[in-house]
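As annotated by TrEMBL, NADPH binding site applies to B:ASN76. Marked as NADP(+) binding site by TrEMBL: B:ALA89, B:THR90, B:LYS91, B:PRO92. For B:24-118, the entry in TrEMBL reads domain 'Pyrroline-5-carboxylate reductase catalytic N-terminal'. The domain 'Pyrroline-5-carboxylate reductase dimerisation' annotation in TrEMBL covers B:181-282.
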Amino acid sequence: MSVGFIGAGQLAFALARGFTAAGILAAHKITASSPDTDLPTVSGLRKMGVNFTVSNKDTVKSSDVLFLAVKPPIIPFILEEVGPDIEPRHIVVSCAAGVTISSIEKKLSTFCPTPKVIRCMTNTPVIVREGATVYATGTHADVEDGKLLEQLMASVGFCTEVEEDLIDAVTGLSGSGPAYAFTALDALADGGVKMGLPRRLAVRLGAQALLGAAKMLLESEQHPGQLKDNVCSPGGATIHALHFLESGGFRSLLINAVEASCIRTRELQHVADQEKISPAAIKKTLLDKVKMESPSLSSKVSLFTNKSPSSKKN
Amino acid sequence: WGRGLGVTGRGRAAMEAVESRELRVGFVGAGRMAAGLARGLLRAGRVPASNILASAPSDKNLDAWRESGCRTTHCNLEVLQDTTLVFLATKPHILPGVLQEIRPAVGPHHIVVSMAAGVSLQTLQRLLPAGTKVLRMMPNLPCVVQAGAMVFARGSTAGDGEAALLKNLLSSCGLCEEVPESYINIHTGLSGSGVAYVYLFAEALAEGAVKMGMPIGLASRIAAQTLLGAAKMMLETGEHPAKLRGDVCTPGGTTIHALHQLEKGALRATVMNAVEAATNRACDVAKD
């Protein structure tokens with residue numbers, strides 16, 4: 001089985017690294033493509049032994065499982081470009097946040113009557129084989145296709161099938177989750193440094209503390225609240241510290257974060273669904289513009305609104 | 001069964017007195033706390049009203065006791081002369097003076113249990129004859145309806161027998177646990193005052209319902225029952241409240257939306273602050 005990645009950024013790199021480290025796939029069975037050869041991940045992929053090309057079509061031709069590992073706004077362009085090369089054997093796996101199965105199937109249906117589409121949401125720790133992945137199968141994807149993807153993703157962490165309508169919430173939780181953890185770890189390390197620890201040691205200990213706690217929870221039948229209680233001796237250091245966290249609304253901040261990420265994902269999906277492709281949009285120059293532009297909350301500037309192709313927003 | 005608990009001869013006698021409803025119980029001070037405890041004991045049927053004697057300087061508080069069938073007096077000494085288990089239920093600042101007063105009548109057969117906030121076992125033992133069996137307890141108001149939470153600590157001369165007796169008797173009014181003395185102020189912050197926090201929460205729940213269109217009477221009753229039911233589930237299942245909370249939260253449902261509001265308001269920290277404040281205040285009062 002060969003695997004291809006359209007896109008050679010963080011996600012492709014992380015997955016390729018994970019698959020090869022897990023031994024489930026040899027590097028030479030992996031192809032990745034991107035028009036942008038300057039990405040730092042490109043050299044990383046090459047060093048791994050992955051086949052790198054600037055031609056998305058080449059990637060499609062040499063893959064059975066095709067990961068769409070590009071940013072959500074680019075998905076429609078990619079589908080337009082590689083659609084003609086999609087064959088019945090291909091399993092198209094989209095990892096793009098907020099992009100629905102139906103939007104992908106709709107795009108591909110102009111080229112292929114029964115495209116096998118699977119939508120998945122994973123996260124960067126696949127790189128160390130501790131990813132969290134969910135997937136939902138599309139209309140024409142069989143049970144075996146789902147199981148195949150599950151086997152691949154299970155080699156790099158936890159993987160389970162879900163209903164598609166849960167995927168945005170998963171994005172908010174475990175998709176973005178590593179970023180919350182990195183932020184927490186940075187701050188914990190600051191705390192350690194403030195109280196006298198050297199930075200490197202502080203980072204190492206903070207990370208290990210979170211790793212250990214997560215492992216305990218995963219291996220325990222107990223509720224995290226119970227595990228927390230087990231650490232808090234009456235009148236001791238930990239309960240004093242927890243009181244500070246509660247005073248700062250720690251829990252609600254985390255709830256807010258998951259909610260915000262989930263809502264933003266839905267917004268992006270909504271933006272993407274409104275897109276209108278112009279043939280010129282496939283040019284690299286426009287791709288650059290798309291890359292540089294990050295849709296913001298306040299200014300819903302979009303290439304995908306119902307405007308005439310000639311008026312290009314910047 | 002007395003032997004199994006390591007009870008002394010006198011302690012066993014007292015226990016048997018409890019079981020046979022012959023124990024004579026006295027209250028020095030007849031205010032709200034004392035009345036609550038007495039009413040709880042009466043309702044539980046552990047002590048006949050005729051075996052209860054309460055003293056207070058004026059009749060103001062004593063009328064209610066008499067209506068329940070208890071005996072009353074204005075003489076503190078009489079309580080000591082007439083009863084075995086004596087609850088000291090005066091206001092804390094009055095207690096030292098009262099102890100001086102009753103000291104001559106205190107004997108080795110007495111079991112003296114102070115309910116006065118902030119008065120330490122050390123102080124009590126100092127002001128009473130050496131060797132007096134002294135314990136200290138802290139109840140809370142729902143003792144009245146047999147749903148109290150009480151803790152007690154024993155003094156150096158109180159033994160297993162006295163502790164067992166007190167626990168046995170008070171358990172008729174709710175949860176009763178023996179603790180180290182240092183926990184008593186914490187109990188005040190958690191449960192003595194804690195009852196008020198719950199009333200505040202219940203009131204707020206009801207007001208929320210009123211805002212959404214429910215009449216206040218109905219809303220209050222439902223609020224109270226909700227608290228009662230939740231508490232009962234905690235006590236009966238023994239499960240961690242976080243787990244019970246999770247059991248109520250359907251994904252994307254009403255409960256998790258509401259909980260998010262509570263977390264945003266830092267309710268947990270606020271409650272922790274409250275318990276801390278009351279506990280600290282109990283400690284401060286004790287020092288005065």
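Along the chain as shown, the residues are counted starting at 1.
Just so you know, glycine gets a Cβ as well, placed from its N, Cα and C.
Cβ atoms within 8 Å of the centroid of the Cβ atoms of B:ALA89, B:THR90, B:LYS91, B:PRO92 (the NADP(+) site) belong to the same-chain residues B:GLY29, B:GLY31, B:LEU88, B:HIS93, B:ILE94, B:LEU95, B:VAL98, B:MET115, B:ALA116, B:ALA117, site residues excluded. In the structure as shown, the Cβ atom of B:LYS91 (NADP(+) binding site) sits within 10 Å of 12 other Cβ atoms. Here the binding-site residues are B:ASN76, B:THR90, and the one ringed by the most other CB atoms within 10 angstroms is B:THR90.
Within its own chain, B:ALA89 (NADP(+) binding site) has B:PHE27, B:VAL28, B:GLY29, B:ALA30, B:GLY31, B:MET33, B:ALA34, B:LEU37, B:MET115, B:ALA116 as residues 6 or more apart in sequence whose C-beta sits under 8 angstroms from its own. Here the domain 'Pyrroline-5-carboxylate reductase catalytic N-terminal' (B:24-118) is broken down by DSSP into helix, strand and coil counts: 40 helix, 19 strand, 36 coil.
Look at the domain 'Pyrroline-5-carboxylate reductase dimerisation' (B:181-282): DSSP puts its residues at 85 helix, 0 strand, 17 coil. Between the CA atoms of B:ASN76 (NADPH binding site) and B:THR90 (NADP(+) binding site) there is a gap of 11 Å.
For B:PRO92 (NADP(+) binding site), the Cβ neighbour count at a 10 Å cut-off comes to 16, with all displayed protein chains included.
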